[in-house]
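Contents: one structure, followed by commentary.
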Amino acid sequence: MEITNVTEYQAIAKEKLPKMVYDYYASGAEDQWTLAENRNAFSRILFRPRILIDVSKIDMTTTVLGFKISMPIMIAPTAMQKMAHPEGENATARAASAAGTIMTLSSWATSSVEEVASTGPGIRFFQLYVYKNRNVVAQLVRRAERAGFKAIALTVDTPRLGRREADIKNRFVLPPFLTLKNFEGLDLGKMDEANDSGLASYVAGQIDRTLSWKDVKWLQSITSMPILVKGVITAEDTRLAIQNGAAGIIVSNHGARQLDYVPSTIMALEEVVKAAQGRVPVFLDGGVRRGTDVFKALALGASGIFIGRPVVFSLAAEGEAGVRKVLQMLRDEFELTMALSGCTSLKEITRSHIAAEWDAPRALPAARL
């Protein structure tokens, strides 16, 4: 069967993957309300397309932290990709590079920063979890920098792991033939079996619950890489992130895997954009499955978006070719949405190209008597 959209990869991945692995990738926290809402919220934003505009040439290029990319669609960090496909993160890195976009490598990758760097050229960011042992963190940051990574995406919404009930039922654990490659030499690369989720136990043992804004300052003192703060969903934290030297903000609810009943990221986006006041770029992570979703995020002020699950599902289905296809489908759909909305470059996408249900009603012309 020919695949014609991003969402179709999920059913193929479900068929192919062991239940424990599929459930780990697919599930959200607790009632999974936010998981559904991350998708559903997009359908409450409608277009106000402009017509009779020359759209024969469309430019989707943009720059992120000074790096030129082919489109505002990037790859979010997702953990343990070799559970999906033997080539794992290496395949994802090659697909991102071929598409001319940025890949973010997870701290908990099953390929190391050095292995991913050796796949060839490409702009890559490194997602960081802060471990209790700061020497481990400092070493990892140095390795990423040496391997040519260009920025740190600091995950700030995970002092503890969210309650993911599928992982508890399945007693989730990293399969024994895989390791968290970045931690292999530090005796932190394996995950012990537990009475609930092996990952939750690992996080409880290793990840630092005391993490605070002072640690963002500390991180800046040990690296010259810019720091994106990933996991901001309020105006208050946006202002604090900027005060504490963040180079950008990723509006994220961790794929709805941490605190349930937070808003969808597309609903939180505008609050964050307004608080940022253009001082730093704001990106959206979560729920994007269509080119129309990308356009809506940019119309609400995002500088770009990140995709997570579509990458692991397409990787499971077709390896590198699957990830390439997801990036191509989103690119094609986004280009079509721009054309049909009357936009020929990203700077032409404005707030007036969409109508959200929370907008004040547009004034109607006074009726003639």
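Backbone N, Cα and C atoms are what each Cβ position is placed from, and that goes for glycine too.
Feature list (source: TrEMBL):
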- 1-359: domain 'FMN hydroxy acid dehydrogenase' (DOMAIN)
- TYR24, TYR129, ARG164, HIS254, ARG257: glyoxylate binding site (BINDING)
- 77-79, SER106, GLN127, THR155, LYS230, SER252, 285-289, 308-309: FMN binding site (BINDING)
- HIS254: active site, proton acceptor (ACT_SITE)
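GLY287 (FMN binding site) and ARG164 (glyoxylate binding site) are 18 Å apart (CA-CA, integer value). Taking a C-beta cut-off of under 8 angstroms and a sequence separation of 6 or more, ARG289 (FMN binding site) has the following same-chain neighbours: ASN5, VAL6, THR7, ARG39, PRO310. Largest Cα to Cα distance within the recorded glyoxylate binders TYR24, TYR129, ARG164, HIS254, ARG257: about 19 Å as a whole number. Note on proximity: of the binding-site residues TYR24, HIS254, ARG257, the one nearest GLN127 (FMN binding site) is HIS254, by Cα distance. When other Cβ atoms within 10 Å of the Cβ of ARG309 (FMN binding site) are tallied across all protein chains shown, the result is 23.
Mean pLDDT for the domain 'FMN hydroxy acid dehydrogenase' (1-359) in the predicted structure: 95. On the backbone, the CA of ASP285 (FMN binding site) and the CA of TYR129 (glyoxylate binding site) stand 17 Å apart. With respect to their backbone Cα atoms, LYS230 (FMN binding site) and ARG257 (glyoxylate binding site) stand 14 Å from each other. Of all Cβ atoms in the shown protein chains, 27 besides its own fall within 10 Å of the Cβ of ASP285 (FMN binding site). With a 10 A radius on its CB, LYS230 (FMN binding site) counts 28 other CB atoms from all the protein chains. In the structure as shown, the Cβ atom of GLY287 (FMN binding site) sits within 10 Å of 28 other Cβ atoms.
With respect to their backbone Cα atoms, ARG257 (glyoxylate binding site) and ARG309 (FMN binding site) stand 12 Å from each other. Taking the Cβ of GLN127 (FMN binding site) as centre and 10 Å as the limit, one finds 23 other Cβ atoms among all the protein chains shown. Around the Cβ of TYR129 (glyoxylate binding site), the same chain contributes SER107, TRP108, THR155, THR158, ILE207, each under 8 angstroms and 6 or more positions distant in sequence.
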